[in-house]
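According to TrEMBL, the features are:
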- 7-283: domain 'FAD/NAD(P)-binding' (DOMAIN)
- 320-386: domain 'NADH-rubredoxin oxidoreductase C-terminal' (DOMAIN)
- 419-468: domain 'BFD-like [2Fe-2S]-binding' (DOMAIN)
- 484-533: domain 'BFD-like [2Fe-2S]-binding' (DOMAIN)
- 559-621: domain 'Nitrite/Sulfite reductase ferredoxin-like' (DOMAIN)
- 629-768: domain 'Nitrite/sulphite reductase 4Fe-4S' (DOMAIN)
- 638, 644, 678, 682: [4Fe-4S] cluster binding site (BINDING)
- 682: siroheme binding site (BINDING)
Ligand SMILES: Cc1cc2nc3c(=O)[nH]c(=O)nc-3n(C[C@H](O)[C@H](O)[C@H](O)COP(=O)(O)OP(=O)(O)OC[C@H]3O[C@@H](n4cnc5c(N)ncnc54)[C@H](O)[C@@H]3O)c2cc1C
Ligand SMILES: NC(=O)c1ccc[n+]([C@@H]2O[C@H](COP(=O)([O-])OP(=O)(O)OC[C@H]3O[C@@H](n4cnc5c(N)ncnc54)[C@H](O)[C@@H]3O)[C@@H](O)[C@H]2O)c1
Ligand code: SF4
Ligand code: FES
C-alpha cells in the first residue's frame with residue numbers, strides 16, 4: 001500500500017530553513033514530500049563563512065553546506081533562483097516570480113533578513129553595497145581588485161569582519177560608527193576600546209561618533225559626507241548597520257508580523273499550517289540574528305512536524321565571537337551592568353586580557369572576554385544552567401580550577417542533544433558517535449567529519465573536551481595541529497624549524513616564504529615572529545620594533561588616560577637612601593601625580609607624559625625595569641639569613657645576582673622569579689615562574705608557578721647545593737623555556753604542557769645544561785638598556801617620544 005506523503009514547502013533555502021528540514025528528514029524520512037524555493041542561485045551555503053571567503057581564508061567552494069546531490073538524494077524538489085512572491089493561505093499554495101504555483105499541507109517560511117540600507121541621498125550610486133550574500137561577497141572582491149579605498153558604515157560584527165576582509169584584499173579601510181564604542185551591542189566600553197586598539201594596530205581606521213549624511217560622487221561613489229560637514233573619500237561603501245526581518249510575503253498574506261513573523265513556542269504563525277523559523281521569525285518579542293538560536297528553533301520545529309514529542313522553544317541566550325584573526329573577543333548573555341547586578345572584572349594591561357562576568361542573585365548572567373576567550377564556553381554553560389555560584393571564589397569563576405578532569409566533567413553532564421557547535425548545529429551526541437565510530441583523535445578531524453568548529457571556532461575548546469571525555473587518557477590535546485593565528489596554517493614548531501632550516505632573517509621574509517594568507521600579518525603573529533627570530537639568532541637579528549606591542553615599543557606602560565608609567569629596576573627589591581632620594585626628586589621635578597609600590601618590590605611612577613619620558617629616564621639614571629615587556633620582570637626576595645633569624649640562605653644576595661644576570665632577557669611571556677631564605681617562603685616563591693627556597697643543606701627550585709589569573713603552584717624541579725648551581729639551573733631552565741615556549745605562553749602553561757619530569761631531565765643533564773647555558777650567555781651578551789638607547793639617540797626621541805603639533 002502506498003502512503004500518501006504530506007506536502008511540505010520551505011520558502012528560503014538558507015541556513016535556518018534547510019537545517020530544520022534536514023532534522024525533520026532524519027526524524028521522519030517518509031512523512032513529507034519536500035519542495036524548497038530559494039531566491040539565490042546556489043544550494044544552501046554557510047553564510048557565516050563569507051567572512052572567511054572575503055578575508056581569503058576560505059574558498060567559495062568550501063562553504064556549501066548541502067550540495068545539489070543532497071537534495072536529490074533526499075528526494076527534495078529544489079527551485080533555486082526563484083522567489084516566492086505570494087502565499088494563498090486559504091488555498092494553501094505559494095506562487096513564485098516565475099509563475100510556478102505549488103500547494104502545501106505545511107509551509108515553513110525561512111526568508112531570513114534584509115540588510116538595512118540607510119536611505120541616504122546617493123545610496124543608489126555604483127559602489128554602494130550590502131554584505132549578506134555570495135553575490136555581495138563576489139562584488140566586494142571584484143571591486144577590491146580595481147579600487148583602493150573602502151568605507152564600512154557600522155562597527156558591529158558584520159562591519160568589522162568586512163573591514164578586516166578589505167584589509168586582506170589590499171584596500172585601505174575606514175569604519176564609520178555612530179557612537180564612540182564599536183560593537184556596542186556586544187561589548188562594554190573597556191572591551192570595545194581594547195578591540196578598537198587591536199584593530200587599529202591591524203590597520204583599520206575608525207571614524208567614531210559620525211552620522212552619515214550623503215553619499216558623494218557621480219555615477220559611482222567617491223566619498224561620504226557626515227552631518228558635521230566633514231568628508232571621507234571612498235571608492236566603495238558597504239553598509240553594515242543591522243538587519244530587518246524579511247516579512248513582505250507573510251505580511252501580504254495576512255500573517256501577523258511585528259516586525260518579524262510572530263511565532264509561538266512551536267514556531268507556529270498566526271495562520272494554521274504555516275510556520276516560520278530563522279531570522280524572519282519573532283519569538284516572544286525577539287528576532288535572532290545568529291545561527292545558534294535559529295538551529296535551536298529548527299530542532300523544535302523539526303520534532304513538532306515529525307510528530308515527535310518535544311518541549312517548547314523558550315528562547316535562546318546569545319553569545320558571539322568576532323571572526324577576525326589576531327583578536328579574541330567573546331560576549332554572551334546580559335553583559336551590561338544594571339540595578340541588582342554585580343560584576344567581577346579582571347583587566348591585565350600587560351597581556352591585553354580583559355574579563356568581565358556579570359552576576360545577579362548568585363548566578364552568572366553575562367560575560368565579556370577579550371584577549372583570552374578560553375573560558376567562554378564554560379561561562380555560557382554556567383549561564384544556561386543558572387549555576388549557583390555562592391561560595392565560589394572569583395578565581396574559580398574565571399578559571400577552570402577543577403584540574404584535568406574539570407572540563408571533561410562539564411561536557412559529561414551535557415545531554416546528548418545539547419548543541420556544542422552553535423554555528424553548525426552539531427550536538428554532543430553527533431560528535432561523540434563520530435569520535436567513536438570513525439576513530440577521530442583531533443579537533444581538526446572532528447571538524448572535517450562533523451563540521452563542528454568549522455565556522456567561528458568558538459566551540460573548539462568544547463570539542464577538545466569531548467575528545468578527552470570520549471577517548472580518556474589516550475587523547476593527546478596537544479597532538480592537534482594548532483596554527484599560531486589565522487594568517488597561516490603553520491604551527492609554532494613548523495615556523496621555528498623553517499626559520500632555522502631556511503636561515504630566514506626578518507618578519508616579512510618569514511611571512512613571504514611560508515606563504516602567509518594575510519601578507520601584513522596580524523597583532524598575534526608579527527610579535528611572535530619577531531620573538532622567534534631574535535631567540536634563534538640573538539647576535540645578528542635586528543629587532544623589528546614595528547612588530548612589537550605599543551608598550552614594548554615605548555618601553556613604558558601606556559595607561560588608560562594616555563599617560564605612561566615608569567618603573568626603574570631595583571635589583572632584588574633592595575634599594576638605598578641615595579636611590580630613593582633621586583626617585584623622589586625626579587617625581588617632584590616631573591610632577592608625577594602618583595608614586596606606588598608594585599607587587600614586585602619596586603616603585604612605579606604613574607601619570608608620566610610621553611614627552612617627559614626620556615628626560616625622566618636620564619634624571620633617574622637607573623636601568624629600565626621592563627615592567628612592560630615579555631621579559632624578566634622582578635626577582636622578589638625576602639631578607640634571608642642576612643637579617644632573619646629563621647633564614648638559612650642569602651635570599652637577597654641570590655636574588656640580586658639573578659636579576660643582574662637576566663635583566664633585559666626576552667622571553668616568550670613575562671617571567672617573575674623569587675628567592676626565599678627558608679621554607680616559610682615570605683617571597684612567595686611557590687607562585688613564580690621560578691621560585692627558589694633555601695632548605696637545610698641547599699636550595700629547592702620550583703618551576704611554573706603563577707599568582708595571576710590562573711593560579712598555579714610551582715612544581716619542584718630540582719634541589720641544588722650551591723648558589724653557583726642556582727645560577728646554572730636557572731639559566732638552563734629559562735633558555736629551554738625561551739627555545740620551546742610558544743610566544744605568549746607563561747611558564748605555568750609551558751610546564752603543564754611539557755611536563756615537569758621532562759623539564760627536570762633536560763635541566764639536570766649536565767651536558768644539556770652546559771649547551772643551554774652557552775646559548776643563554778650568547779643571548780645575554782647582546783642585550784642593551786632601551787632607556788639608555790633612547791637617551792642617546794635623537795632619532796628614537798623624535799620618532800617615538802616627541803609630541804607632534806597639528
Ligand atoms: C558575512 C556574515 C557573517 C556572519 N557570521 C556569523 C557568525 O559568525 N555567527 C553567527 O551566528 N551568525 C553569523 N551571521 C548571521 C547568520 O549568517 C544568519 O543569522 C543566518 O544565516 C540566518 O539564517 P536564515 O536562514 O534565517 O536566513 P538566510 O541564511 O538569510 O536565508 C534566507 C534565504 O531565504 C531566501 N529568500 C528570502 N525570501 C525568499 C522568497 N520570498 N522566496 C525564496 N527565497 C527567499 C534568501 O535569498 C536567503 O537565501 C553572519 C552573517 C553574515 C552576512
Ligand atoms: N561573528 C558573528 O557572530 C557575526 C558576524 C557577522 C554578522 N553577524 C550577524 O549579522 C547581522 C548583521 O550584522 P551587523 O553588524 O550589520 O548588525 P548589528 O546590528 O549587530 O550591528 C550594526 C552596528 O551598526 C551601528 N550603526 C547603526 N546605524 C548606524 C549608522 N547610521 N552609522 C554608523 N553605524 C551605525 C550600530 O550601532 C551597530 O553597532 C547581525 O545579526 C549579526 O549578529 C554575526
Ligand atoms: S622566608 Fe624565611 S628567611 Fe625569608 S623572611 Fe621569611 S622567615 Fe625569614
Ligand atoms: S560555535 Fe562557531 S564554529 Fe562552532
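Every residue, even glycine, has its Cβ placed from backbone N, Cα and C.
Ligand 4 lies within reach of none of the binding-site residues 638, 644, 678, 682, judged by a C-beta closer than 6 angstroms to any of its atoms. When averaged over the domain 'NADH-rubredoxin oxidoreductase C-terminal' (320-386), pLDDT in the model lands at 87.
When the stretches 320-386, 419-468, 559-621, 629-768 are ranked by Cβ pairs under 8 Å to the domain 'BFD-like [2Fe-2S]-binding' (484-533), first place goes to 320-386. The residues near the [4Fe-4S] cluster site, meaning same-chain residues not in 638, 644, 678, 682 whose C-beta sits within 8 angstroms of the mean position of the site's C-beta atoms, are 639, 640, 646, 647, 651, 676, 677, 680, 681, 683, in sequence order.
Residue 678 ([4Fe-4S] cluster binding site) is surrounded by 20 other CB atoms, counting those within 10 A of its CB over all protein chains shown. Residues in the domain 'Nitrite/Sulfite reductase ferredoxin-like' (559-621) partition by DSSP class (helix H, G, I; strand E, B; coil) as 27 helix, 14 strand, 22 coil.
Neighbour list (residue 644 ([4Fe-4S] cluster binding site), Cβ cut-off 8 Å, at least 6 residues apart, same chain): 638, 677, 678. Among the binding-site residues 638, 682, the residue whose Cβ has the fewest other Cβ atoms within 10 Å is 682. Helix, strand and coil residue tallies for the domain 'BFD-like [2Fe-2S]-binding' (484-533), in that order: 27 helix, 1 strand, 22 coil [DSSP]. Secondary structure by DSSP for the domain 'BFD-like [2Fe-2S]-binding' (419-468): 28 helix, 5 strand, 17 coil.
Secondary structure by DSSP for the domain 'Nitrite/sulphite reductase 4Fe-4S' (629-768): 56 helix, 34 strand, 50 coil.
With helix defined as DSSP H, G or I and strand as E or B, the domain 'NADH-rubredoxin oxidoreductase C-terminal' (320-386) counts 10 helix, 31 strand, 26 coil.
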